[in-house]
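Take a look at the structure below.
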Amino acid sequence: MASPELFEGLGMLQHRGQDAAGIITCGNKGRLYQIKGSGMVRDVFDQPKLEQLVGNMGVGHVRYPTAGTSSSSEAQPFYVNSPYGITFAHNGNLVNADELREYLDKDAHRHINTDSDSELLLNIFANNLQKTGKSRINEEDIFTAIKGIFDVCHGGYACVAMIAGFGIIGFRDPNGIRPIGFAKRQSQSPSCGMDYMFASESVVCDGCSFSDFEDLKPGEAVIVNKSRTVTRRELVPNANFTPCIFEYVYFSRPDSIMDGISVYKCRLAMGEALADEVARKLGADMDIDVIIPVPDTSRVAALQTAYKLDITYREGFIKNRYIGRTFIMPGQALRKKTVRRKFNAMSLEFAGKNVLIVDDSIVRGTTSKEIVQMAREAGAKKVYLASCAPAIRYPNVYGIDMPSPHELVAFNKTEDEIAEALGADRVFFQGLDGLVASCNKFNPSIKSWDASVFDGKYVTGRVDAAYLKHLESLRADDKKSTEDLQSPE
């Protein structure tokens, strides 16, 4: 059965989404079995439920709400019965969702039941396959259908689909913005040959004893049919590869390797570059007594910053690991309330000291402001705050919830104004050149990055002031429903 390993894999990806989780498996004669719901993986599934998910093929997903609402109706994977019975899971965001929704309604006559752009992608795929008019399809038909997606769906997306009784398909948008790869292992039944797995991060494949992880190329599709034959094709010639650089700053686990780059090593490099930035700006006024990370994602970089500056590194904040990631929680009220429950400052590491607190990034500033205040309450004389990423001044439109620029603490502010807003004595930001160099150091073949949250450059086009205003109206915190403010716990 595939369900136990899908469950384990989703647990390893829990950091990517805490709003909802789902699994659909395919058993004998193409019958599909589904369980999904709101909350963490451990809340949605238990042993009896996993036993109901029959079959050796399946798709799982953890949801992190961006566009749309936070509700169980938008838990993935999605499913359509026509044609062929298609299951679909997606990571990312489309920038022309309204246009696609109108096409599916008026031209394709397909009913869309949610606000999720994942459902749009599924129905574009289904409609393209429907055009074949065949009772049974082959790999060539599927590649043609995916090429049709690339032609009309603009944005960042990594997708996994399952066609009942046929096989599993993975594909990545023509810019490769969102990550996806696949790996293999010898099946426990030697007569079955190889098992295959698609995942957003390599750590899932490692944890489930799969090997030879390969990232999908931009515009590439990989098909694994029920006979375990693998067919792959690059459907977009001369694709402009621009992976999301924020994956390396914050989103991905440090033990993952994506697009040939170790997240751990690149965060070490970010720490070194940040040390250079701090040293350059403080110069002879360097008066830092101790460097303390905001756990967990900034630990690696903070350790290297301390090493480079030859300043003592200490763990000053103790984290409650049973509280979710505040950055991806829906609603500012819930995020702010959660920070104090999530972290506790140890006075013995702060009292009477000038402290440099290192964080991976500063987005809304909710956590940062509370962290600075906690450090002062613990007795710190001066509190400096350093970010491994540049100042985030622009919305993200490709699947990370940085919606309204007015919710970003760095929007239209200088560094001094940001420091004042956060209550810090001074704030230091990594330069974009330093961040890019930290990643390119380990894969110089990547010539460009999606760094739109830092520089406002959207690689897919179709992102103008009107679109950003529309997106803000969909995502802004004051538009969230009361349901959205409930804890995922």
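Cβ from N, Cα, C; glycine included.
Taken from TrEMBL, the feature Mg(2+) binding site covers Thr297, Asp359, Asp360. According to TrEMBL, the feature domain 'Glutamine amidotransferase type-2' maps to 1-227.
Note on the binding-site residues Asp359, Asp360: the fewest other CB atoms within 10 A surround the CB of Asp359. Around the Cβ of Thr297 (Mg(2+) binding site), the same chain contributes Tyr250, Pro254, Arg267, Asp360, each under 8 angstroms and 6 or more positions distant in sequence.
Other than Thr297, Asp359, Asp360, the residues of this chain whose Cβ falls within 8 Å of the Cβ centroid of the Mg(2+) site are, in sequence order, Val249, Tyr250, Pro293, Val294, Ser298, Ala301, Val358, Ser361, Ser387, Cys388.
If you average pLDDT over the domain 'Glutamine amidotransferase type-2' (1-227) in this model, you get 94.
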